[in-house]
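Listed in TrEMBL:
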type: TRANSMEM; residues: 136-152; note: transmembrane segment
type: TRANSMEM; residues: 159-186; note: transmembrane segment
type: TRANSMEM; residues: 192-211; note: transmembrane segment
type: TRANSMEM; residues: 227-244; note: transmembrane segment
type: TRANSMEM; residues: 256-276; note: transmembrane segment
type: TRANSMEM; residues: 288-304; note: transmembrane segment
type: TRANSMEM; residues: 310-326; note: transmembrane segment
type: TRANSMEM; residues: 333-351; note: transmembrane segment
type: TRANSMEM; residues: 371-389; note: transmembrane segment
Amino acid sequence: MWIVLVLLIRLILSFLPPMAIDQGAWRAWSARMAEFGPAKFYSTEVFTDNPPGFLYIFWFLGEVKNKLLPNVSYTSPGFDFLLKLPNNLADLGTGWLIYLLIKRKRSDSWAKAGFLLYTLNPSVIFNTSIFGQFDGSGTLFAVLAVYALVVYKRPELTGLFFAISWAIKPQTIALAPALGLLILISSKPIKWILTGLSFLGTTLLIYWPFFPTNPISGIFQISERMVKLYTCTTCFAFNFWGLFDNWRNDTNPFLGLPLVGWGMILLGLSYIFILFRRPFSKHYREPYLYTTIALSVLAFFNFLTRMHERYVFSFFAFFLLGAMLLKSKKLLAFYLFFSLFNTLNIYFPYATYTTELKLTPDLLKWLSQNFRWLSGIGFASFLILFVGIEKIISTPSRQSNLQKA
């Protein structure tokens, strides 16, 4: 019953206008896939700078529209609603996986609470049901990748699901160091090879219809085009780089190195502390595995340049898992705070570019004027969480009834 209620709420909100710029691309890509198919989709003459993972869904929706709903326009509210539907379902799927993972260690009531805290998260809902983004689908397969490893001990399935997630949302790469280390310390060398082959094979299969003569070249082409798409230190994201203002050029040098390079250095240093701190092995067992992954995503979001406000999306699923399994009121309070904070962050570009709605001009002015302060709050939140998690992990387990993973 509660699943139906959550879906109903999301479907109602899906009738709200999407973010105009992004939705225009989704409509055009759906039409282009239905007309030309994958082999002729990518072109230097039109904007097609996106990996192919979710293009299969756009293709399917374009065919549904053409064959079953021929009178519905690609620019109509009805088609916008259709475009939002798969990701609403993906969020429910992620919520269900959260429910299953919590139920392995906790009661059914805790598992249901986890489902509701994720699927009714205002940031998750705004991103999917209103804004119209498809981060939810990438996160679904990211959680599946972890689920396959934690529950079934099948790293080769992890490689498969991770490849799908990465082909939908390249930001999934933030999870790679933690997952890679977990596979190395928990699996035999033959499994390392099988996992690598699974990831590579799945990636090539996804890209092959779009680049039938050379899918490997296609991977590099699309990756290069995406990297060059923006050169902003931060693209509306309330993070470390926002302390220095919004949309600064990250190719500008500092001490002889472009800012984009400094971002990579800061991320690398933060990953060393997150992934290798003591006690090392504890970070790769439930529930601490989830907080390790969540911190990795938050570090990725804060330190790399060219981050959009939405790129922290997968943080919520993994952090919620850790907080619920630890039964930590402080971590759950942080989850609620950061959910609301990121909702405000997502609202900023949405209202800025959805000009026909003339949304809260005074609030938009305030957000713009206080961007650095808000970014300070965002970065401070990461630092506070980093220290807080460290204290929890460095002390004996507070939850003696947790089963060993």
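Backbone N, Cα and C define each Cβ position, glycine as well.
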For the transmembrane segment (159-186), find every same-chain residue at least 6 residues outside the stretch whose CB is under 8 Å from a CB in it, and list them. 51-54, 134-135, 137-142, 144-146, 148-149, 153, 192, 194-200, 202-203, 206-207, 223, 226, 271, 274-275, 281, 284, 289, 292-293, 296-297, 299-301, 311, 313-314
In the same chain, who gets a Cβ under 8 Å from the transmembrane segment (192-211) while lying at least 6 residues past its ends? 37-39, 41-42, 52-53, 55, 155-160, 162-164, 166-167, 183-184, 217-219, 221-222
Test the contact criterion for the transmembrane segment (288-304) and the transmembrane segment (371-389): 3 or more CB pairs under 8 Å, pairs 6 or more apart in sequence, then answer yes or no. yes
Out of 227-244, 256-276, 310-326, 371-389, which stretch touches the transmembrane segment (136-152) the most, going by CB pairs under 8 Å? 310-326
Could you tell me what the rest of the chain brings near the transmembrane segment (371-389), counting residues at least six beyond its ends with Cβ under 8 Å? 234, 237-246, 273-274, 291, 295, 298-299, 302, 330-331, 334, 337-338, 341, 344-345
So what's near the transmembrane segment (256-276) in sequence-distant terms, Cβ-Cβ under 8 Å and 6+ beyond its ends? 177-178, 181, 231, 233, 240-241, 248-250, 283, 292, 295-296, 299-300, 302-306, 386
